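Working notes, structure below.
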Amino acid sequence: MTMLPAGTERSLGLVIDLDICVGCHACVIACKGWNDAAYGAPLSDRDPYGAEPEGTFLNRVHSYEVVPEEGAAQTVHFPKSCLHCEDAPCVTVCPTGASLKRAEDGIVLVNEAACIGCGLCAWACPYGARERDPSAGVMKKCTLCVDRIYNDALPERDREPACVRTCPSNARHFGDLADPESAASRMVAAREGFDLMPDLGTRPVNKYLPPRPKDERVDVLAPLLEPVAEEPSGLLGWLDRQLGKL
Amino acid sequence: MHPAPSIILFSTLSGLGFGLLVFLGVGAIQPVGPAAAAFHGIGLGLAVAGLVSSTFHLGRPERAWRSFTQWRTSWLSREAWAAVGALLAASLFALTAVLGAPVPLLGLLSAALCLLTVLCTAMIYASIRAVPRWHHWTTPATFLLWCLGGGAILAAQTWLAAMILLAAGVLQVATWRRGDDAFAALGQTVGTATGLGARVEPLERPHTGESYLTHEMVFRVGRRHADRLRLIALLLAVVAPTFLLLLVPSHAAGLVALLCFAAGILAQRWLFFAEAEHTVGLYYGAPGGRTT
């Protein structure tokens, strides 16, 4: 059903800390690994060992150079996956009802058995969160690892999205963003987490935490390297003056 | 956006077909006997050929029937319903016309549903906020005018065709000019897309090769190339058919006018997709402006 729910009981989503993401792409690989063998059709690759390898991914890490108002340029790694928007435009455009937002937890999912692979949802998403798998012919997107987070067969510590579980720098967090007391919400409040392109009215659930301002660079050697004498004197001064006369 | 041949062919052919069915439906031409079969057949044939080609871009075309279910929110679903309704009404009207007893009310219904189908097609694009060049009333307006223009040529309404084509041409030029500034007017930059402030430059892509996203939505067309194609589209879709229809009153000239028009519309539709900038391009460093 492509009508958006009036509201969701919970708003499960990710909080991504751009300050500590090191751009290792481990989340990309963990996501691909889990979703190759779990919910829905596997994420296929094309020409994986050839000249133009290409594949379907639910999570991708961009890298940007950011020049702050003051100080040196910084490299910021930017993981991007479905933001599980409250007003998800990808859901309402779907002609078949395959694209849906769950009322119980707010996860935006694709029912792959009903998807015709028209790609309209990918067009409607401003963020590029959906890709059509060339082998299965259906739309793929982040499921928030819906088959992990409620999975009683997994140890409790593994009941979070694969990308969050694997992140070695702890830059990814998972939680209920509708609950102001959740760890994820408190982190967003403390660090002034923000939405991507909020003016487009999609109301993303996922939040990004900005890079912290860098400490001012202190040059510890500078005071020791100040010139001891501006004008040369003594033998060196005499030599300098004689040479200058030539 | 990627200009997929199946979608370009679909809207060009079905636009022509529905256009002719509109003129037949309102009784602008009332062919009888074999001529009726020919006219209605051409209209229905073009519309059906277009709709069939539109299924070629689906990943799972065998499930296309499911697209009738979400008419409450989806313009694509509404298009499916409108198309089936239009084809049913037009077929029944064609039957009555061929049998020599056309039912005017059925004709009007057919014409209205044909226009509704074209409107729904255009609204699929116009409803997408992430593509600001499309997200405007000029999208349905141009689709409808070009549809009527093609129908008028097919229905041999010379003066009316010329007037509609000129109006469509003027609107098209205005649409292109408005579209060139649309992305900048949306106010989204790589800074708002990433939330990283005013001075952000892509350093590395997330993938070394291409991806569905770059194939489908980060399509760029050169400015000079686009300007030339715009001129070609106008010459073929407006200037050539207008002169041929008004100055050379013959069936052969009418056929040439139709072929010119169809070629011009193919160019216009190619540009409609190729020039449309999607916000996802921001993540890949594609600005709103076009490259040269």
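Glycine too: its Cβ is placed from the backbone N, Cα and C atoms.
TrEMBL lists B:7-29 (among others) with the feature transmembrane segment. Beyond its flanks by at least six residues, the transmembrane segment (B:7-29) meets 39-40, 42-51, 53-54, 57, 83, 86, 89-90, 93-94, 97, 102, 104, 107-112, 114-115, 117-118, 121, 143, 146-152, 154-157, 160, 262, 265-266, 269-270, 273 of its own chain at Cβ-Cβ distances under 8 Å.
Annotation comment: TrEMBL describes B:35-59 (among others) as transmembrane segment.
The feature transmembrane segment is assigned by TrEMBL to B:80-99 (among others).
Positions annotated as transmembrane segment by TrEMBL: B:105-131 (among others).
Annotated transmembrane segment per TrEMBL: B:143-171 (among others), in sequence order. Same-chain neighbours of the transmembrane segment (B:143-171): 11, 15-16, 18-24, 28-29, 39, 42-43, 115, 118-119, 121-122, 234, 237-238, 241-242, 245-246, 249, 254, 257-258, 261-262, 265, 268, counting only residues six or more beyond its ends whose CB sits under 8 Å from a CB of the stretch.
Sequence annotations record features per position, and here TrEMBL assigns transmembrane segment to B:229-248 (among others).
Among residues of the same chain six or more beyond the transmembrane segment (B:255-273), those with a C-beta under 8 A of the stretch's C-beta atoms are 1-4, 7-9, 11-12, 15-16, 125, 134, 146, 149-150, 153-154, 165, 172, 176, 219, 221, 226, 229-230, 232-238, 240-241, 244-245. TrEMBL lists B:255-273 (among others) with the feature transmembrane segment.
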